[in-house]
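Asker: Take this structure, written in structure tokens, and hold onto it; I'll ask about it next.
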Amino acid sequence: MSQARIIDGKAIAISVRDEIATRAAALLKTSGVRPGLAVVLVGEDAASQVYVRNKEATAEACGFHSVKHTLTADTSEFDLLALVNSLNEDPEIHGILVQLPLPAHIEESKVLRLIRPEKDVDGFHPINVGLLTCGEMNTALVPCTPAGSIVLLKRTLDNALSGKSAVVIGRSNIVGKPMASLLLQESCTVTIAHSRTQDLPSVVRAADIVIAAVGRHEMVRGNWIKPGATVIDVGINRISAPERGEGKTRLVGDVAFQEAVGHAGAITPVPGGVGPMTIAMLMANTLTAARRQLGLTEDTALF
Ligand SMILES: Nc1nc(=O)c2c([nH]1)NC[C@@H]1CN(c3ccc(C(=O)N[C@@H](CCC(=O)O)C(=O)O)cc3)C=[N+]21
């Protein structure tokens, strides 16, 4: 059986990052401004700290001004809101990311709605959700994981998304819903499947494009994939890997990769697929946000 092409998310993310670094250098030269990104981390979650460190390193590689605020897990909602307010007012900060999930005593929607839409580089504010739904891509900030997935699809399919059938498995506000909006924008015929979907394997089998964003390791089996389909695996699940030694773990996606490579035309690996693209698109959004706040026209048409 033929083997799927492996989509090298890491390499594409590096090419995107290099392009952003070039454009950020040009912005610095013409207006003396570095795009500024603030990342806020509440609590000590080890996995979150890895992402935050990756984000910081990438921001520096892009020549951005980057600040990290680490708050203890018992920080009050009031204090977090006060920090967001001060970042909203800080002219050196163009993008604000509050790492999710937040501790249970803090109301996430309250925090996300306080972030100024023009600084909302996660694209989670209802204003940005609305702009995306309306197709106003020149004013919206688009969530990073879906945006990065679209870049991977466009490069893999040579921009030929129009008319294809796409299934998004998962309906979260962070990935599933904005992913569906973006695919619709690209003129795909979009199905959103989820935990209540009847006969999920048949729904997936009908799709030319499969986006797996359920958060359940290796749930999508190889024989669900239409021969030649393009598979974007958004899942990042850490599972135990006793074969690597006692107490060892490894990362796997929402797709049973070894099975799916025998069916798909192209597929993203985990790690090295969507994850690095998410970080690259955060940088793209931060540059876009900075340019807009400076009253400059767009030059960040990365997708
Ligand atoms: N407000 C907010 N925005 C986020 O974008 C956000 C968040 N909260 N909370 C946590 C999740 C998770 N997330 C990842 C980003 C990159 C990788 C990534 O780069 N992964 C690499 C390496 C993974 C590894 O080796 O640990 C890979 O897949 O190849 C992973 C996970 C962003 N998130």
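Just so you know, glycine gets a Cβ as well, placed from its N, Cα and C.
Okay, so TrEMBL annotates it like this:
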type    : residues                       : note
BINDING : Gly170, Arg171, Ser172, Ile236 : NADP(+) binding site
DOMAIN  : 7-122                          : domain 'Tetrahydrofolate dehydrogenase/cyclohydrolase catalytic'
DOMAIN  : 143-293                        : domain 'Tetrahydrofolate dehydrogenase/cyclohydrolase NAD(P)-binding'
Asker: Return the average pLDDT for the domain 'Tetrahydrofolate dehydrogenase/cyclohydrolase NAD(P)-binding' (143-293) as a whole number.
Answerer: 97
Asker: Going by a 10 angstroms cut-off between Cβ atoms, which of the binding-site residues Gly170, Arg171 has the sparsest surroundings?
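Answerer: Looking at the binding-site residues Gly170, Arg171, the Cβ with the fewest others within 10 Å is that of Arg171.
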Asker: For the domain 'Tetrahydrofolate dehydrogenase/cyclohydrolase catalytic' (7-122), how many residues does DSSP put in helix, in strand and in coil?
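Answerer: Across the domain 'Tetrahydrofolate dehydrogenase/cyclohydrolase catalytic' (7-122), DSSP assigns the residues as follows: 62 helix, 19 strand, 35 coil.
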Asker: Over the residue list Gly170, Arg171, Ser172, Ile236, recorded for NADP(+), what is the maximum interresidue Cα distance in Å?
Answerer: 16
Asker: Checking proximity to ligand 1 here: which binding-site residues out of Gly170, Arg171, Ser172, Ile236 have their Cβ closer than 6 Å to it?
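Answerer: Going through Gly170, Arg171, Ser172, Ile236 in sequence order, those close to ligand 1 turn out to be Ile236.
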Asker: Ser172, Ile236: which of these binding-site residues has the sparsest Cβ neighbourhood within 10 Å?
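Answerer: Among the binding-site residues Ser172, Ile236, the lowest count of other Cβ atoms within 10 Å belongs to Ser172.
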